[in-house]
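Participant: The structure that follows is given in the form of structure tokens.
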């Protein structure tokens, strides 16, 4: 018997037994801190305290007030010139202006996005009107009080989510759900504004069927003047938007489109005084006064709506803010973003603002106009403040159809039918999510649409987590790399050995599925193209590099699986676990149960050792089968089936001896491995 030991510094072990080729194994070292709780069991807040100790005063200021970051890098001359193209969006006559005033200043200080335009948006306005319309008449003072109270409640929820660091919740809502929801909402919003084109009232609803029924029922009251004027303004707005998109030199047209429609409409009304075209009417002059929100007795009835608006704020604001941050090359913290929106809504509610959030269309215009810092929001706030102080008498003659055309023009960009076509071509599951969200939002309303879309999105996430991808691996020819045999059919697999990779954390929800798949691989032996034909699986190698986490339920299930395999004389081997998983397996006793000699750094090491066991046991089994065949030749001929049974029995017995370190051909392999791995 020949033994060869590698030097301690090399970290490798070379063994040769029975005249076979050397097997080189890199020992799996225990990570630093093994056997102690020094590094992995520190409290969750310990790392945060360490970071806080090393922070400079400027970093503290940036953490408390994100505006400090962009103020240090602000390019005054270039960016002020670029921000001169920012537009003043058409909003609700007075409370829309209030909502676009105070929240802008607060968000510029506490928010982390440099391009997000905060203020009233069509979707939130529709939610507010639908909910409050079912509680009180829109002409009453209580209606306004409840809308302002909603801003306070939404702000509290957003601040809590930011402080509790719940910004990660947006990750569970897929892009297909967001796209289907915004597309359906855009259609509903557009139909809700068409009454200003038609000249008669339409039922206030977030469902498409009542809207269409109301439009058809009032067709006899149709009026041509507002329809012609509104359609003209809509064509002008869409034309200016498309020209601004297609030509960089004309991008100012997109920003100035709403202002152009308002100015032209106001001039037309002041000159011709058309009686058939309704106008905004008188608007109070001056800045909003400080007042505490009222109507707290309605908090319980408004809570579901506040939660829903907060969810819409996450979808609309954080989503567009992250996209703009990526385009402009800076990082955005979702939790700071939620906190900034919350502060803006809370303070806005003390100045007669209803819920504000980020706007897709205005933020896009901000970005395209060259806004690089939060100062763009402050300048927009100053412009709105100046309008409230000096320009409200001019707003009284703005045609309502012009404001409706501005809203419809803004939401046309949210109709994302191209996304549905794209999803149909690449992923039917995501297309189903898009379609179910789109249909339920149109038919059952925005509230139900959000719940159904998010519910299905979470259901798909849970399904994927509970049924993770599991691959059987094979060795790529000429390498020591192991890959999925379905992706690389030419990869080598070995008789008696199955290499399995689990591409997910192992926890209580998916452990049963994983065990079922492992049993399936055992019973339905994959077609192997290398090694001796041993008729069944004797080794299962788990490639654990993708496994980031194992919980207590999975630990117990792995112990049960080991006992089941042991009863069927199958050995488990573990390859390449990460540090945390390795520590957990060690502390739970699984490594002792499996055997430290069956833990490897590389899959190739595990396969080499298993192959050596298979080859040694096979050679002994062949000798035993040949002796049995020779002894029976004088009396009665032995059938092929009987010879195969004798051969497998001999292989089985010798393999058991080899794994226990007692087989003649494999005696030295196991101790050498233990010497270097324990």
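The backbone N, Cα and C atoms fix where each Cβ goes, glycine too.
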Participant: Among 50-72, 142-164, 211-233, find the range that TrEMBL records as transmembrane segment.
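Facilitator: Going through 50-72, 142-164, 211-233 one by one, TrEMBL gives transmembrane segment for 142-164.
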Participant: Could you tell me which of the ranges 117-136, 277-296 is annotated in TrEMBL as transmembrane segment?
Facilitator: 117-136
Participant: Per TrEMBL, which of 312-332, 375-395, 480-500 is transmembrane segment?
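Facilitator: Among 312-332, 375-395, 480-500, the range TrEMBL annotates as transmembrane segment is 375-395.
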Participant: Tell me if the transmembrane segment (375-395) touches the transmembrane segment (432-462). I count contact as 3 or more CB pairs below 8 A, with pairs 6 or more residues apart.
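Facilitator: Contact between the transmembrane segment (375-395) and the transmembrane segment (432-462): absent, because fewer than 3 Cβ pairs are under 8 Å.
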Participant: Under a criterion of three or more Cβ pairs within a distance under 8 Å and sequence separation of at least 6, are the transmembrane segment (117-136) and the transmembrane segment (176-198) in contact?
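Facilitator: By the criterion, they touch.
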Participant: For the transmembrane segment (93-110), which recorded stretch in the set 142-164, 176-198, 375-395, 402-426 gives the largest number of Cβ pairs separated by under 8 Å?
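Facilitator: Ranked by Cβ pairs under 8 Å, first place goes to 375-395.
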Participant: Write out how many residues of the domain 'STAS' (487-610) are helix, how many strand and how many coil, based on DSSP.
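Facilitator: So the counts come to 54 helix, 23 strand, 47 coil.
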Participant: Check the domain 'STAS' (487-610) for me and report the mean pLDDT.
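Facilitator: For the domain 'STAS' (487-610), the model's average pLDDT rounds to 87.
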